[in-house]
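**Q** Quick one: this structure, given as structure tokens, is what I'll be asking you about.
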There are 2 protein chains.
Amino acid sequence: MTAVSPLAPTSYPTLPPIAGVHFASAEAGIKHAGRTDVLLATFDKGTTAAGVFTRSKCPSAPVDWCREALQSGKARALMVNAGNANAFTGKRGRETVKLSAAMVAEALGCRPKEVFLASTGVIGEPLDAAKFDRVVERLVAHQHDGPWIDAARAIMTTDTFPKVATRTAWIGDAAVAINGVAKGAGMIAPDMATMLSFIFTDAPIAAPVLQSLLSRGVTGSFNAITVDSDTSTSDTVLIFATGQVAGAKPITLTRDRRLAGFREALDDLLLDLAHQVVRDGEGARKFVEVRVERATSKRSAKRIALSIANSPLVKTALAGEDANWGRIVMAVGKAGEPADRDKLAIWFGDTRVAFHGERDPDYSEAVAAAYMKSQDIVITVDIGLGTGSDRVWTCDLTKEYVAINGDYRS
Amino acid sequence: MTAVSPLAPTSYPTLPPIAGVHFASAEAGIKHAGRTDVLLATFDKGTTAAGVFTRSKCPSAPVDWCREALQSGKARALMVNAGNANAFTGKRGRETVKLSAAMVAEALGCRPKEVFLASTGVIGEPLDAAKFDRVVERLVAHQHDGPWIDAARAIMTTDTFPKVATRTAWIGDAAVAINGVAKGAGMIAPDMATMLSFIFTDAPIAAPVLQSLLSRGVTGSFNAITVDSDTSTSDTVLIFATGQVAGAKPITLTRDRRLAGFREALDDLLLDLAHQVVRDGEGARKFVEVRVERATSKRSAKRIALSIANSPLVKTALAGEDANWGRIVMAVGKAGEPADRDKLAIWFGDTRVAFHGERDPDYSEAVAAAYMKSQDIVITVDIGLGTGSDRVWTCDLTKEYVAINGDYRS
């Protein structure tokens, strides 16, 4: 169960320092001893923030806190813990976030609402703020500019590998850096899963613009992945922009043309991190892209794609390396979106297996079967009714998923 | 994989003959040799019919056929095969149903549209009507009034036990019999799954009334079960009423008061059969009832209940006998229905584990853990917002489910 996912990247990029961002991690013993489980990142004055959160009707206490904290658009710190989600912890949970933010604020000399919090792990267990008390001072005293892989490791729970990504973008003549870390392996579905991701940049971007970039950016990345269709109470993506890059004037309008390159780089980084989350899907052996084309709308295409990606019968067939396109038909049919059986076409990779509502007469089971042994699989469905297309990513459903989740709490 | 489900009933009821219903089964070698795979039931003249079908946008050819055939409300025969669903088989699939119905009609001397058809098994493989040609004459020549268990066996696919149920109801002074058979083990979700069920009665009920009874009856039974959230292209429930019971005048109006007892008996029989389908859920070890109370509406309660019942994380926790109520909170939160975290209460059996948005202070992990070892589990969630309640039934998600479905086609 602790073996690294076979879909893990073979190497990790080295992330550059981000001017104005510092961090440290510590062992607070929140759930297990002997592992780092708290990350404290601090930001120089002038840092802006934006965030996107779970759509769960039962969000965690830190999610509630961050939503409020974002109203000012200013950030001085981010504290993340693994091992306990501080979700469904009632009044005590609210006390814990308040106390934790106050501790960090006092140590840094900022306002509590400039401290962002995220927690991941077990739901329903009270999280004792005293655990942070023991480590906050030391964390503040030992802030570094790297290595970033340590930050990614500190937020892991059932993850089998740390998730990092970096991009460079030009804002006018200034090269800005964007670093990101993420965690997540199960309870992964739009929108968004026990999935935390934190993005840091030295770009000078006002909070409302940052919010717009992030909200759009997650649509095709973190909101287009599913491991098991289960959505967490704690999903959080936060972006922090220190504005410390030299030579770029602040961007205060979404329509600023200098944003084009940054937007592209950010979207690419978000997709990279989202794919890493799927590649660490609990028990995953296959990384699967589901493309739906020519649906009646992009929204309809995404719903059909998610119906396929979330189907246990499709996912178990993928685990069994079975080119079982009948189950794709089933999943298209159950999506509830416009579809005409007799216009459907389905591909596994480049092999068209079904066409015009029946098995493709030229389809070779041997070729399809060979393709299904690949680690990365692309399923394409042509609905044949319109011009809406979209893509989502998922993994297969294996016995290991059941094993990992059948005994998670103990 | 072929072992009988541990949740199977320990004995089967003996079903009485139904006046006007005769049947026989045969080995047509549709997929496997050496097992009965075709059932032909025939009905005396005057038999009425009603049906409910999958809501899949990609229904099978037999489903299309039955929908048309139902327009007259008259039935003389029902032919069911296992091993091939005749779904996503295009024009050839439509030819097959036409030819099959014509064969039976010719042998019986009725119209083809009085012959109902249902197929279950692999999707996308052409079904050769010639396979029926070899057995239809013999089937017609050897019609019996029982034993009904043979009819249930003939329609099994991955089922590990035959599913039968019987009830008696009074219509005025006449005792009418209702017999039912069902099949289904995977791809089971509202509405309705690769699930076939056929109900037979000697009650004298006009087709429109029968349709009303059946449509309402499936809501709380076949449309309230889920094994894996996957909905088949072939789901079919048909009811046939011969009207041959002595001493009861025909019922032609839904508001006929004589229907009360029949409705109750039919609903009870449908629920019995639906539960048997869940008890044969692929890989199932636990039979789980999910009750949602005090939601804002009955519809909302059902959606929340299905969100819980379909959650892979809830289902794997059940398999692991883990009283993981945090995952129940997660599933309530992701349902998208009105919910207030701080008003939720959750029970496993009689043990209240969560109350007012946090862990119940009096909750004993030991008591809850002991309860989770039961074969039949009841999960109750009080939303605390309204008066809407509903129930659904499901099973756990085990490694055996993955094993069964990872290699189904071969």
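All positions are counted from 1 along the displayed chain.
Including glycine, each Cβ sits where the backbone N, Cα and C put it.
TrEMBL annotations: computationally assigned, not manually curated.
In case it's useful when we look at the structure, here is the feature table from TrEMBL:
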- A:Thr157, A:Lys183, A:Thr194, A:Glu282, A:Asn405, A:Ser410: substrate binding site (BINDING)
- A:Thr194: active site, nucleophile (ACT_SITE)
**Q** For the binding-site residues A:Thr157, A:Asn405, which one has the sparsest Cβ surroundings, going by other Cβ atoms within 10 Å?
**A** A:Thr157
**Q** At a CB cut-off of under 8 A, do any of the binding-site residues A:Thr157, A:Lys183, A:Glu282 come close to chain B? List them or say none.
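**A** In terms of proximity to chain B, the binding-site residues that count are none, since no Cβ is under 8 Å.
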**Q** Tell me, by DSSP, whether A:Lys183 (substrate binding site) is helix, strand or coil?
**A** strand
**Q** According to DSSP, does A:Asn405 (substrate binding site) fall in a helix, a strand, or coil?
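**A** SS state of A:Asn405 (substrate binding site) = helix.
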**Q** Tally every other Cβ atom lying within 10 Å of the Cβ atom of A:Glu282 (substrate binding site).
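**A** Here the count is 29.
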**Q** In the three-state scheme derived from DSSP, which category covers A:Thr157 (substrate binding site)?
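**A** A:Thr157 (substrate binding site) sits in coil per DSSP, no helix or strand.
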